[in-house]
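S.K.: Below is a structure I'd like to ask you about.
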Amino acid sequence: MNPTDIADTTLDESIYSNYYLYESIPKPCTKEGIKAFGELFLPPLYSLVFVFGLLGNSVVVLVLFKYKRLRSMTDVYLLNLAISDLLFVFSLPFWGYYAADQWVFGLGLCKMISWMYLVGFYSGIFFVMLMSIDRYLAIVHAVFSLRARTLTYGVITSLATWSVAVFASLPGFLFSTCYTERNHTYCKTKYSLNSTTWKVLSSLEINILGLVIPLGIMLFCYSMIIRTLQHCKNEKKNKAVKMIFAVVVLFLGFWTPYNIVLFLETLVELEVLQDCTFERYLDYAIQATETLAFVHCCLNPIIYFFLGEKFRKYILQLFKTCRGLFVLCQYCGLLQIYSADTPSSSYTQSTMDHDLHDAL
């Protein structure tokens, strides 16, 4: 139900043809405060997530290409998970502006941004699930994993995963539309009139593909991993499991509330739940859990840094390299100025190398 819509009534509409009488019809569920809440809090929160999510996941992509060079199936899955997070990040400026004002970007971007949102959602949880399967094969079926956990199979399964995510997101692309109502432009999913079937199918799709199936697979994988590690203690394996386990737990913790709230919203749309106070709280919950889900985009790089020793080493090397380039550029600028002022300068390359070495 649109927050600004007036509920249907069984009274004859002709009685209320007069404008003032029509406006005086009591609205069963006013939600102006909910929109004001979103206008105030969502744009700054989305901006923070955009900045930190973009920086963190860009660093992960750089590390994977520059240092790890995608040598294994795990590297391929980590790269694709970072790309999934970046899809969310790139959509946030649009949603932030939309929350503060209205949709001004047209129908094309409305469909594209909504589609990016869903593709990022599905692909993200699919790759977290694949990472759990990858750890399961590496630890529980170590011999078989030597043949199965190859770079080639990693690329093939990643392409298949993206295909499934894109296909699952098509309804969001097809049914997202722009419309203007009471001088306010919206970008929302609108189904045909009285079409409850699509609403139910959409909710079931998100909850089954986005929660039930992945959660079942992850629980199976980690129960078998824990069972195996009880008989085989290996410090490196334990650290790898901690990192992947943290990714899984945080993903479920940040996305499960949103899935539950979406399911409850569907029940409201189907008029299974009809209570004004409950609807208002549900709208607040949608904004809160959706923002919580977006925050997840920033967390995976932090997990890699604190739990992955190699990642921590590579990230520090990357920052040292960037710092060295920055210092080098500073010295290049100083050298040009100094050379222009004093043509007989004795500032040599070896001197600059020594200074750069000291800076690093």
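Keep in mind that glycine also has a Cβ here, set from the backbone N, Cα and C atoms.
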S.K.: Tell me if the membrane topology in Swiss-Prot places THR321 and GLU39 on the same side.
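M.R.: According to Swiss-Prot, which assigns topological domains, GLU39 and THR321 fall on opposite sides of the membrane.
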S.K.: Based on what Swiss-Prot records, which one of CYS110, CYS232, CYS276 is disulphide-bonded to CYS187?
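M.R.: Answer per Swiss-Prot: CYS110.
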S.K.: For the transmembrane segment (207-226), which partner among 40-67, 78-98, 243-267, 285-308 gives the most CB pairs under 8 Å?
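M.R.: Of the candidates 40-67, 78-98, 243-267, 285-308, 243-267 scores highest.
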S.K.: Determine which residues of the chain contact the transmembrane segment (285-308) at the Cβ level, with the cut-off under 8 Å and only residues 6 or more beyond its ends counted.
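M.R.: Answer is 34, 37-38, 41-42, 45-46, 49, 52-53, 56-57, 59-60, 78, 81-82, 85-86, 88-89, 92, 239, 242-243, 246-247, 250-251, 254-255, 257-258, 260-262, 264-265, 315.
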S.K.: State the non-local partners of the topological domain 'Cytoplasmic' (68-77) in its own chain: residues 6+ outside its ends, Cβ under 8 Å from one of its Cβ atoms.
M.R.: 127, 130-131, 134, 149-151, 153-155, 157-158, 310, 314
S.K.: Report, as numbers and ranges, which residues of the same chain sit near the transmembrane segment (151-175): CB under 8 Å and 6 or more residues beyond its ends.
M.R.: 70-77, 80, 111-112, 114-115, 117-119, 122-123, 126-127, 130, 189-191, 198, 201-202, 205, 209
S.K.: Whole-number answer please: how many Å between the C-alpha atoms of ASN183 (N-linked glycosylation site) and CYS110 (disulfide bond)?
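M.R.: Rounded to a whole number, the Cα-Cα distance is 18 Å.
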